[in-house]
Amino acid sequence: MFTAVPTRRIALAQVNTTVGDFAGNAARIRAAAELARGAGASLVLFPELALSGYPPRDFLDVPEFLERAGRTLRELAEPADWSRGLALVIGFPEAPPGAPPPGVYNAAALVEGGRVAAVGRKSLLPTYDVFDETRYFLAAKDATAADSPAAGARLGLSICEDIWNDKRFWQTPRYDRDPIGELRHAGAQLVVNISASPYGLGKPALRARMVGAAAERQGVPIAYVNQVGGNDALVFDGGSMLVGRDGKVLAQAPLFEEAVVVAGGDGAAPELLRFPGAPRLAPGEGPDAEADEVYRALVLGLRDYARKCGFRSAVIGLSGGIDSALTAALAADALGPENVFGVAMPSRYSSMHSRQDAAALAKNLGLRFREIMIEPMHAAYLAQLEGALAHPLCDLAAQNVQARVRGQILMALSNEEGSLCLSTGNKSELAVGYCTLYGDMAGGLAVIGDVPKTLVYRVARAANARAGREVIPERTFTKPPSAELKPDQTDQDTLPPYPELDDILAASIEERLPLEAIVARGHAPETVRRVLKMIITSEYKRRQAAPVLKVSAKAFGEGRRLPIAHGFRYE
């Protein structure tokens, strides 16, 4: 029996898979297994739904998708040199004949000896935030433990949420069952947990505490492997770990990098294996570790969104402000500066310092850069429209024409070059609707749409710290934020100061506090009511926004679903 340290080498393969790319995902599984085998591993673990990619969403309703998953698993299970002597645990969608609706299990296959030796099914199906697994999956009635000759142990097979039902971490238990306890009672000597747990600020540390607490509580080692990479709006950070029965972490994989960690084996030191050519994203050396962590998450999310959607380059509108500066820095890291086209589009209201800062940023980052004056297009647009209306546009409509002209330019360049247009709006603006539909909201991905303005400044500082020099000009940090759509305009003409606004937003959106509790944090009641009204009346804009990379506990998008047409108001 395993004691605190597993006595055979275990490989945690945190691979970066693509939804529906069965051939590519299988090739990644083979490559990781070969690396692990070369390092002396006996057991190789892969993430949740590694075979199909996670999350497959409504592809799980497509018979051909499920058939391909089953066929690919059978092919991987066939005897081969790359897997000889290994036990593999691979996540896949299982569609057994005759299963009741929805007819699919979120499953883990134990592949050993040229066959699928056992299948464990996910017991606890999350239905909160971005998760909607009861829509797609059946819940297992029993936890599965199986003997593995190659691993030299009885393995308890669990999947992601199965390990998250610890009442010490939640005000109330999320589920009636404890699958990890069930596995221990079934004789598991090593609990395996294969996961696809998306990133959120602070979540890697929470996971480590959760896994450690489960191991200590049950007195059994836990091998936890997490997906890495971006799929749509979700970023998966990896951080796979082997934890002893005493709850102490014995080995851990890096965050935000595709890698294989081999550990265990009579006290042998852990070994970190990397795929040839796989991008690395090491921590920065700046003083703000949280901001640096968010920076790395966004780089990974942007890189994978572009790559998996078939884009090699991006186009960004550069205003000279902090939001577009940070987005450009992220894009340069994710795609390479030579693949990023920065476009400044000044108007009659643009300040000279904004034009200078945009040009300096592009030069510092090494971007392709061009300045396109929007005044001729703006003037022609106004003349045509106001002539047809026989009166001048109202102030708001006239301002938004500028933003929409810029959006048209960016989308034209996106079409011309086959580049991904990146929206540069932050979470604070998106929350209160301080943005223009079909204008500055134009784009295929809202890179910082889950980053509040106050955090934008911190993450931008982290970008400079990572570069070891001033890539984002200092003046960009210190000047008052402004849309520059009319003379002497600043954001605070319309919004509360960002530190106050962001605290109200966090209290309402992420902490879900009532109005009275938000006021009790020191905010004026009328300010809180105004902000909350702006949030709930701006849902129509958010519904039309580009996908937002999730880095917080509650991002706009799939994890927050409000109606557009409603009559609710805060009292």
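Heads up, the Cβ atoms here are built off N, Cα and C, so glycines get one too.
What TrEMBL records for this protein:
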type     : residues                                                               : note
DOMAIN   : 8-267                                                                  : domain 'CN hydrolase'
ACT_SITE : GLU48                                                                  : active site, proton acceptor
ACT_SITE : GLU48                                                                  : active site, proton acceptor
ACT_SITE : LYS122                                                                 : active site, for glutaminase activity
BINDING  : TYR128, SER197, LYS203                                                 : L-glutamine binding site
ACT_SITE : CYS160                                                                 : active site, nucleophile
BINDING  : GLY317, LEU318, SER319, GLY320, GLY321, ILE322, ASP323, SER324, THR424 : ATP binding site
BINDING  : ASN400, GLU429, LYS541                                                 : deamido-NAD(+) binding site
REGION   : 473-497                                                                : region 'Disordered'
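Taking Cβ pairs closer than 8 Å, the region 'Disordered' (473-497) reaches residues 319-322, 325, 347, 349-351, 353-354, 357, 360-361, 364, 395, 399-400, 402-403, 428, 432, 434, 440, 453, 457, 460-461, 504, 527, 531 in its own chain, all 6 or more past its ends. Remark: secondary structure over the region 'Disordered' (473-497) totals 8 helix, 0 strand, 17 coil, with classes taken from DSSP. THR424 (ATP binding site) is surrounded by 26 other CB atoms, counting those within 10 A of its CB over all protein chains shown. Apart from the site residues ASN400, GLU429, LYS541, the chain places the Cβ of ALA403, GLY425, GLY433, TYR434, CYS435, THR436, LEU437, GLY439, ASP440, MET441, SER538 no farther than 8 Å from the centroid of the site's Cβ atoms, the recorded deamido-NAD(+) location. If you draw a 10 Å sphere around the CB of CYS160 (active site, nucleophile), it holds 26 other CB atoms from the protein chains shown. Note on proximity: of the recorded positions CYS160, GLY321, LYS541, the one nearest SER197 (L-glutamine binding site) is CYS160, by Cα distance. Here the binding-site residues are SER197, SER319, ASN400; the one with the fewest Cβ atoms within 10 Å of its Cβ is ASN400. The recorded positions LYS122, LYS203, LYS541 differ in how many other CB atoms lie within 10 Å of their CB, and the one with the most is LYS122. Averaged across the domain 'CN hydrolase' (8-267), pLDDT in this predicted model comes to 94.
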